[in-house]
Amino acid sequence: MESNGMSGKHGLEGDADLQFMLGGGDLVKVRSKSWQKNRFFKLQEDCKTLWYESHKTVRRKQTFAIDDIASVRRGRQSEGLNKHTADGLEDQCFSIIFKDRTKNLDLLAPSGEEAKQWVNGLDKLINNMLNLNRQQNSEHWIFSCMRKADKNGDNMMTLKEVKHFLKQVNIEVDDTYAEEIFKKCDASNSGTLEGSEIKHFYNLLTQREEIDVIYGDYAQTEGQMSAGDLLGFLLREQREQVSMQDALKLIEKYEVDETAKQQKRMTKDGFLRFMNQEEGSIFNPAHKPVYQDMHQPLSHYYISSSHNTYLMADQLKGPSSTEAYIKALMKGCRCVELDCWDGANGEPVIYHGYTLTSKVLFKDVIKVIKEFAFKTSEYPVILSLENHCTIDQQRLMAHHLISILGDALVTKPLRNVTPTNFPSPEELKGKILIKGKCLKKVNPSLSNDGVVEEGTVSEEDEAADCENGQKAKPKKSKIKLAKELSNIVVYCKSVHFNSFDHAKEMQAFYEMSSFKESKALTLAETSATAYIHHNTEKLSRIYPAGSRTDSSNYNPVPLWNAGCQIVALNFQTPSKEMHLNQGRFLPNGASGYILKPEFQRSLSSQFDPSTLSEGPWLQKKTLNVMVISAQQLPKLNKDKQSSIVDPLVRVEIYGVPADNAIKATHHIDNNGFNPTWNESFRFQIHVPELAMLRFVVEDYDAASQNDLIGHYCLPLSSAQNGYRHVPLLTKRGDVISSAGLFVHLMLTDAE
């Protein structure tokens, strides 16, 4: 089935790495030291699918889509390759990391040069997929489905194949309609569709009536949009602060018809292309890079944070892995947790104490942190140490931290002066901070001179709260602490929280407390203003209750409302709470740092999220949201051809209690391809700076719980007005390339 001249290559024709992959080659699939099997891998001609030979009795040939790959890592940079291959094979190793799979595909090439070609080629294809706009991804997906429906590969479609294709693209139509659309396209009356007839069929199927209406309203120049028409659309509908020059740039950038471009006009195809780009997205492209002031004290930012980072699954018997740290850091997480215990052969290990979770070497975790800490964000990483080790292994922990992290590790105050406040994320770029216990100093400053060789400190953090839900040491027990480990705790000294008054009088800015979720939520509800004042100068870390043995998460929003910075979640668990976290840290370059609103950074602020007294935080707005349509929602049961989704859309607001609201459309039967709702909702917003906007698309089920199709979340302050496309993400937070919502938003001052 021809794809109208489109292929997965996108400008890579003739590329040496691509040609090598199209020819295929032998790779060793590595699962363990004893299971290392030779397999033949080959890129398919569509350049969007990788095929490999399998020795399974059921499926001897397997494929996976390039779009399913999250990243490719060169070298022994997965836990499996690090454990099961020799150091000398570093250049020959690479790993394929999948979006929605836990397991990586670890591979060993015959030579370093071949490994380089596979990695470079896959990277080029992945980047091309990312650079495609939604319209192009949509076209590729549709033509791919057409090829699958063309069972005999003759580049013609019979009526039976058309019906099969419609089910593949998630739309249920009755036989009469299928015959009607088929006859309309079969101009030659041959009983098959081919060539231009297939193109006509595609155009009928993908026609966007809502886009036609919008375009028709503004295309006032011989049926096309002049630069002035486009400017009118941008000013009136999109509420953008733009000029005629901006409109002309958009025509030059997105118009596909050369004649129209020369006339400085935009055709409907150009308009659709423009609307599917980031300029037409709900997420403000100006907020995509780092755009906030990064020179304020560390305590003035929300910090993306992970709890029990080492776990891949539950808290009782799940595996611990260095891979979990890599995944968290690559998602922009800036505070990771290390639960440290004595290990065999004198080497400290990380695992969930008093449980059956597996163990991983402390030094291996530090190595991957060194490697991956700053690949997504260059801003500081905090290592939250839960230290249960004996003195000798603590000394080895300190040695590993210093020797492996090198200059990245902060071991003394910046500029060698005693500070009175936190340095900024900008000052700490590329730096790693240690959060942990610290012995009392002879001099009450951050200088570590004069520390005794070793001593005892209280153990009142998570372990003392029986955080793992199992038998643990009594509260406020004492542990011995080595000087070497104490000395590298500079800006994040762990201390017990007594009260806000006590903290105000007795606690230095660098002394921070950890709060179990129930304690933190109580403080946020009963003493919000005091908590906000506390969090203007000091850091607070929140962690999940010990009863969450399934690694579930708590709602982070009330804690952000109280100005808490390090609201630690179980990153390994896809959930609404993690979706909110992903949305919160979506802007500002995915740096893992978001500047808190000014009223959460001032000691004079009287902000209380529950009472909403008059103040600069109170900016009453009305948010009108029209859910117009969706495009190419994925099938949930891909193995069952007749399974078509019945989609509905929920629009949710999360923020201060007065702003929380959920509204939903009706469901549409048997249409995941191009459902249309045209339903409007109105929300009253009191504190827009704290509000989060979330879209959820579900498959309606009258008999049981609805299934998630896709979601998207972002701060309301980063949402653009007007007609906007909303990308959709999987449960684990990966983009569904061809799917999306089309909505109209308008945020205005409340009357």
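Backbone N, Cα and C define each Cβ position, glycine as well.
TrEMBL does not curate its annotations; it predicts them automatically.
Regional average pLDDT for the domain 'PH' (20-127) in the model is 88. Annotation comment: TrEMBL describes 20-127 as domain 'PH'.
Marked as substrate binding site by TrEMBL: 29-56, K435, K437, S514, R541. Counting every protein chain shown, the Cβ of E53 (substrate binding site) has 16 other Cβ atoms within 10 Å.
Per TrEMBL, the feature domain 'EF-hand' maps to 137-172 (among others).
Under DSSP, residues within the domain 'EF-hand' (173-208) fall into helix, strand and coil as 22 helix, 2 strand, 12 coil. The annotation domain 'EF-hand' is assigned in TrEMBL to 173-208 (among others).
Sequence-distant neighbours of S188 (O-linked glycosylation site) (same chain, 6+ apart, CB under 8 A from its CB) are E197. Per TrEMBL, O-linked glycosylation site is recorded for S188.
What TrEMBL records for H307 (among others) is active site.
What TrEMBL lists as Ca(2+) 3 binding site is N308, E337, D339, E386.
According to TrEMBL, the active site annotation covers H352 (among others). Summarising the environment of H352 (active site), the number of other Cβ atoms within 10 Å of its Cβ, over all protein chains shown, is 26.
Residues of the domain 'PI-PLC Y-box' (485-601) grouped by DSSP class, helix first, strand second and coil last, total 49 helix, 20 strand, 48 coil. Under the heading domain 'PI-PLC Y-box', TrEMBL lists 485-601.
Residues annotated as domain 'C2' in TrEMBL: 601-730.
Counted within 10 Å of its Cβ, the other Cβ atoms near I644 (Ca(2+) 4 binding site) come to 24, all protein chains included. Positions annotated as Ca(2+) 4 binding site by TrEMBL: I644, D646, N670.
The Cβ of D701 (Ca(2+) 5 binding site) lies under 8 Å from the Cβ of D646, D707, each of which sits 6+ residues away along the same chain. According to TrEMBL, the Ca(2+) 5 binding site annotation covers D699, Y700, D701.
Counting only same-chain residues at least 6 apart in sequence, those with a Cβ under 8 Å from the Cβ of E337 (Ca(2+) 3 binding site) are S306, H307, N308, T309, Y310, S384, E386, A568. The CA atom of T49 (substrate binding site) is located 24 Å away from the CA atom of I644 (Ca(2+) 4 binding site). The two recorded residues, E53 (substrate binding site) and N670 (Ca(2+) 4 binding site), have Cα atoms 36 Å apart. The shortest Cα-Cα distance between N670 (Ca(2+) 4 binding site) and any of the binding-site residues K29, E45, Y700 is the one to Y700. Same-chain neighbours of the Ca(2+) 5 site beyond D699, Y700, D701, judged by a C-beta within 8 angstroms of the site's C-beta center, are, in sequence order, V645, D646, P647, L648, H667, E698, A702, N706, D707.
With respect to K29 (substrate binding site), the closest of these binding-site residues in Cα terms is D339, chosen from D339, I644, D699, Y700. Least crowded of the binding-site residues (E45, E386, D646, D699), judged by neighbouring Cβ atoms within 10 Å of its own Cβ: E45. Taking the C-alpha atom of F41 (substrate binding site) as reference, the shortest distance to any of the recorded positions H352, I644, Y700 belongs to I644. Note: the CA-CA distance between H352 (active site) and K435 (substrate binding site) rounds to 18 Å.
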